[in-house]
């Protein structure tokens, strides 16, 4: 394995940035910001925003680094991930572990000292849920790994909300529910596109265990459910007409992609659906934010 020869390969600072999965973390931090602003009747202080984003971002980077560490053997098999820093051997197991521990402790310390203890606790639970429960167990144990593990990935807007209010509110849980419902169609579309790689790595993703067509049906059904769930902020008067129109347009467009995916055998459509799902979530939360102030 390449990881055995890590000491022979040069380590670049960009490898440590890659360990943190920056693109994933940036999308996550967008949902944190939206959670913060939705929790506040007015504007949120820049100081609180800075410490919240830095603390949660460092913890998210720590969880991502642990994911690289635990999945290094799987990553070395899959074409999409075989050149990741730990899998390829540019960063050793020991280096990755120390990096994850240090930035994780830094993030939690910032949240405890400058935000609040509730947010720090929830962030820690989320870190353990993703890095420990999902990465360490669920990913290899069940085809519902994404569904169950999605709870950890859906937490960021709740963390942003509690950073401002220092309490759990039902409205914040609606934001969690949106991301929780979005997660399966998002990841299953990628799993269809990377079906052979997951099969070779012996990861029990839904297309591998139940077949591609069954997975397409589940993507379709979850996308319908997501469209319904995404309207709940308007139903409970958490948001207004701007958000409603945005959610409807985005939801219908996502449903069009799910429909197209169900009736085609072209792998590229699965990747296009996956990419749109990222744009969908980003724009949906932008609509929430815009609607809140306008």
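Cβ coordinates are placed from backbone N, Cα and C, and glycine is handled just like the others.
Some features that Swiss-Prot has for this protein:
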- 24-44: transmembrane segment (TRANSMEM)
- 48-68: transmembrane segment (TRANSMEM)
- 96-116: transmembrane segment (TRANSMEM)
- 118-138: transmembrane segment (TRANSMEM)
- 145-165: transmembrane segment (TRANSMEM)
- 172-192: transmembrane segment (TRANSMEM)
- 224-244: transmembrane segment (TRANSMEM)
- 245-265: transmembrane segment (TRANSMEM)
- 268-288: transmembrane segment (TRANSMEM)
Query raised in the report: Can you name the far-off residues of the same chain, 6+ from the ends of the transmembrane segment (145-165), with a Cβ under 8 Å from a Cβ of it?
Result: 28-29, 31-36, 38-40, 44, 48, 52, 56, 60, 111, 115-116, 118-119, 122-123, 126, 129-130, 133-134, 138-139, 171-173, 175-180, 183-184, 187-188, 204-206, 285
Report summary line: Other same-chain positions with a Cβ less than 8 Å from the transmembrane segment (245-265) and lying at least 6 residues past its termini are 185, 189, 192, 216-217, 219-220, 223-224, 226-227, 230-231, 233-234, 272-273, 276-277, 280, 283-284, 287, 291
Report summary line: Counting only residues at least 6 beyond its ends, the same-chain positions whose CB falls under 8 A of a CB in the transmembrane segment (24-44) are 52-53, 56-57, 60-61, 64, 153, 156-165, 169, 171-172, 175, 179, 238, 278, 281-282, 285-286, 288-289, 292-293
**Report entry** Contacting positions for the transmembrane segment (268-288) when only residues 6+ beyond its ends and CB under 8 Å are counted
**Finding:** 27, 30-31, 34, 38, 157, 175, 178-179, 182, 185-186, 189-190, 192-193, 219, 230, 233, 239, 242-243, 246-247, 250, 253-254, 257-258, 260-261
Query raised in the report: Taking a Cβ cut-off under 8 Å, which residues six or more beyond the ends of the transmembrane segment (96-116) line up next to it in the same chain?
Result: 16, 19-20, 47-48, 51-52, 54-63, 65-66, 68-69, 85-86, 123-124, 127, 131, 162-163, 166
